[in-house]
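K.L.:
I am attaching a structure below and will ask some questions about it afterwards.
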Amino acid sequence: MIYFDNSATTKPFPEALKSFQQVSERYYANPSSIHSFGSETEKLLLQSKKQAAQLLNVNQEEIIFTSGGTEGNNLAIKGIALQHQNRGKHIITTTIEHPSVLEACRSLESLGFEVTYLPVDEEGRLRVEEVKNAIRNDTILLSVMHVNNELGTVQPIEEIGRIASHYPKMFFHVDHVQGLGKLPLDFHSSHIDLCTMSSHKIHGLKGAGMLFVKRNTSLFPLLHGGSQEASYRAGTENLAGIVAMVKALRMILDKQQSQYRHLENLNKQLRDCLKDLPQVMINSPEDSAPHILNFSVPGYKPEVVIHALGEKGIYISTKSACSSKNADESAVLSACGHQFKRSSSALRVSLSYDSTKEEAKTFCEAFKDVMNQLSEVMG
Amino acid sequence: MNYDHILIRYGEMSLKGKNLKHFVARLYENVKMKLANFSNIQIKRNRSRMYILLNGEDPEPIMEQLKDVFGIQSFSLAIKSESEEEQIKEAVMFALTEPEDVKTFKVSVRRVDKDFPIGSQDMNRVLGGHLLSNTEGYSVDVHNPDIELQVEIRKDGTYITSKKIPGAGGLPVGTSGKSLLLLSGGIDSPVAGFLSMKRGVEMEAIHFHSPPYTSERSKQKVMDLAKQLTRFGHKLRVHVVPFTKLQQTIYREIPEGYGMTVMRRLMMKISERVAEKEGILSFTTGESLGQVASQTMESMNTINEVTNYPIIRPLVSMDKLEIIDISKRIDTYDISIRPYEDCCTVFVPSQPKTRPTREKINELEAKVDFSEELEETLESIEVIEFTEEAEQEDEFSDLL
């Protein structure tokens with residue numbers, strides 16, 4: 001089997017899985033219980049937070065554990081909007097955000113907020129000027145993703161943050177779900193106030209995530225109840241999931257240091273092979289994140305390609321898994337200004353540090369076969 | 001060219017006369033310990049400045065650490081050049097043009113080395129003129145410049161700095177003797193410890209623990225606070241006093257209402273014995289006048305009767321909100337507000353006397369013999385030592 005759908009989710013690291021199991025078996029007490037067993041698990045929770053904070057170079061109290069990327073994005077966006085609506089009701093985001101950002105923004109529109117969706121260029125990149133021009137006196141939130149989940153396009157977060165820093169009334173949120181463990185992001189020098197991260201995209205398990213919330217930033221909680229996570233996120237902590245996430249975080253950051261070049265090489269290998277095929281148009285820009293390669297096969301139905309590859313045990317995806325079941329067209333590619341033929345025939349290969357050269361080679365050959373086979377009917 | 005040094009300016013210790021050497025030596029040791037993890041740096045000192053040679057280390061994390069070292073008035077990134085006009089000009093040019101968003105500047109020259117041929121005032125003009133005639137878009141503003149370029153011309157070289165970062169102030173820890181901090185799990189006592197340390201005091205702490213009336217977690221909380229304080233003093237020993245028996249005796253033998261005062265007096269007596277043994281010369285407490293029943297003037301008078309050691313009360317005139325502000329700044333607040341019972345809350349009567357008298361308390365205490373339990377307690381004190389770098393919690397390291 002060749003699993004090239006790592007932007008949808010990743011295979012848990014065996015070490016993370018082991019931690020998950022050990023914590024579930026040994027440290028199942030509720031960290032809020034006052035007996036010493038609870039005290040032990042609370043200590044583990046605090047230690048996890050401390051380690052996550054150290055790895056991300058932030059303060060411990062700036063981390064809120066969540067259930068994942070969707071919750072993190074919702075908590076950041078709705079939490080800021082509801083808490084600070086007396087300052088203004090204007091939000092800025094982009095047209096190529098993940099649905100958990102876009103839909104959260106749309107839900108706020110129905111509550112009387114106004115949202116500006118900034119356009120992107122053909123490569124999916126936001127122009128810094130556009131951000132500047134969109135900021136108004138009543139803008140309270142700017143939300144921009146770091147790495148786009150379909151294209152891999154990297155936004156100039158540091159530059160955007162520098163602009164955002166001139167507007168103290170406006171909070172700056174970054175969806176870092178696809179970037180974490182792949183590309184460095186300094187929260188401080190980028191003037192980020194909130195940053196969403198997810199566990200299962202970095203070889204942790206589903207059901208855990210983190211939201212960085214800069215000191216002195218207040219949020220309206222989505223979940224009310226107990227006083228867990230400084231009351232920003234009530235509910236008994238998913239300790240096993242959290243510990244596994246922090247373990248995975250440590251490991252993926254190591255790999256980012258030592259194996260980034262490997263990802264770049266794989267990306268290049270795939271690009272070189274696809275470039276030679278007349279039916280293929282590559283959508284990911286040259287300088288995109290190395291783990292994502294998006295391309296279109298105009299005239300071919302992407303589902304058919306996926307299924308044909310699936311028969312050979314190769315798993316890739318059409319657009320992002322979260323929106324794959326909607327219409328055929330990729331909203332991201334269409335926002336980049338591509339014609340329907342191109343934006344409705346996109347395929348995404350997404351790699352992990354464990355992907356190999358041989359796998360990439362096998363994929364290429366299989367893909368060529370599939371194209372030949374299908375061209376008799378569709379080409 | 002780049003910033004290759006950090007220049008450290010001393011605080012009020014620079015006013016010391018013959019003792020200055022001793023203060024500088026201590027600060028040097030403290031800085032060295034604080035920066036032990038940065039293996040490439042070198043630290044040099046003289047009577048008025050300390051210099052850190054970066055040797056390629058990233059200055060940001062180093063400066064972050066320096067902010068916690070008492071005795072430092074301020075520090076700056078510095079470029080070192082030869083004390084020679086052309087080289088100084090070049091360095092000043094770099095310092096002006098390197099940052100973005102700078103339009104106006106001011107040059108302040110201090111000629112420490114009087115052998116340098118150009119006087120401070122003249123050198124100001126020379127450098128200002130050089131900058132103006134070789135750049136575009138900059139102008140001089142002596143009152144509100146965007147950047148102030150400070151040039152210190154010394155024998156060993158000239159240091160050019162542009163941005164002053166405030167240090168922690170105070171005196172180097174270890175120059176003012178030792179004090180014993182009465183550390184509870186609350187907000188106040190860690191702040192009191194911090195402020196004493198600011199005046200150069202080397203701290204030990206004493207904590208009264210009453211299991212099972214107080215939990216393991218409340219003890220852990222105190223340990224975490226102690227650990228946090230090592231940020232400012234490198235090392236902190238905590239004397240953990242098992243206090244349950246004495247508290248039970250007080251509860252049984254002393255009329256409700258007076259128990260708290262008697263308890264405090266016993267704490268003082270125990271603290272004094274610990275101090276005697278350890279060669280500690282004073283106590284530090286988090287008392288703030290009028291804050292709670294044990295901190296009224298009458299209570300202080302009655303409690304203080306049992307010891308003639310000096311008691312340093314840095315918070316005595318502070319409001320709760322001022323104390324909270326400091327505790328947030330030194331990152332003890334979040335630990336302090338963890339909601340566990342501490343030793344003082346369980347046994348406190350619902351209505352403690354706020355105006356005890358020495359006579360009344362002495363009369364009540366005379367009826368009870370605490371001495372045996374007191375000695376027993378002293379025997380079973382546990383000492384835990386914290387240092388800044390040591391990581392206490394490696395029991396989970398295989399999981400994380």
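Cβ atoms are placed via backbone N, Cα and C, with glycine included.
According to TrEMBL, the feature domain 'THUMP' maps to B:60-164. Residues or ranges marked as ATP binding site in TrEMBL: B:L182, B:L183, B:H207, B:F208, B:R264, B:G286, B:Q295.
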K.L.:
For B:R264 (ATP binding site), which residues of its chain lie six or more apart in sequence with Cβ-Cβ distance below 8 Å?
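P.N.:
Looking at Cβ-Cβ distances below 8 Å from B:R264 (ATP binding site), excluding near sequence neighbours, one finds B:S294, B:S299, B:I303.
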K.L.:
Which has the fewest other CB atoms in a 10 Å radius around its CB: B:L182, B:L183, the listed binding-site residues?
P.N.:
B:L182
K.L.:
Within a 10 Å radius around the Cβ, which one of these binding-site residues has the most neighbouring Cβ atoms: B:G286, B:Q295?
P.N.:
B:G286
K.L.:
Max CA to CA distance in Å over the ATP-binding set B:L182, B:L183, B:H207, B:F208, B:R264, B:G286, B:Q295?
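P.N.:
Spelled out: the longest distance between any two Cα atoms in B:L182, B:L183, B:H207, B:F208, B:R264, B:G286, B:Q295 is 18 Å.
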K.L.:
For the domain 'THUMP' (B:60-164), what does DSSP give as the number of helix, strand and coil residues?
P.N.:
35 helix, 33 strand, 37 coil
K.L.:
Validating a neighbour-count step here. Other CB atoms within 10 A of the CB of B:F208 (ATP binding site): how many?
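P.N.:
Cβ-Cβ neighbours of B:F208 (ATP binding site) within 10 Å number 26.
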K.L.:
Look up B:G286 (ATP binding site) in the DSSP assignment and reduce it to helix, strand or coil.
P.N.:
coil
K.L.:
On the three-state reduction of DSSP, what should I expect for B:L183 (ATP binding site)?
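P.N.:
Once the DSSP labels are grouped into three classes, B:L183 (ATP binding site) ends up as coil.
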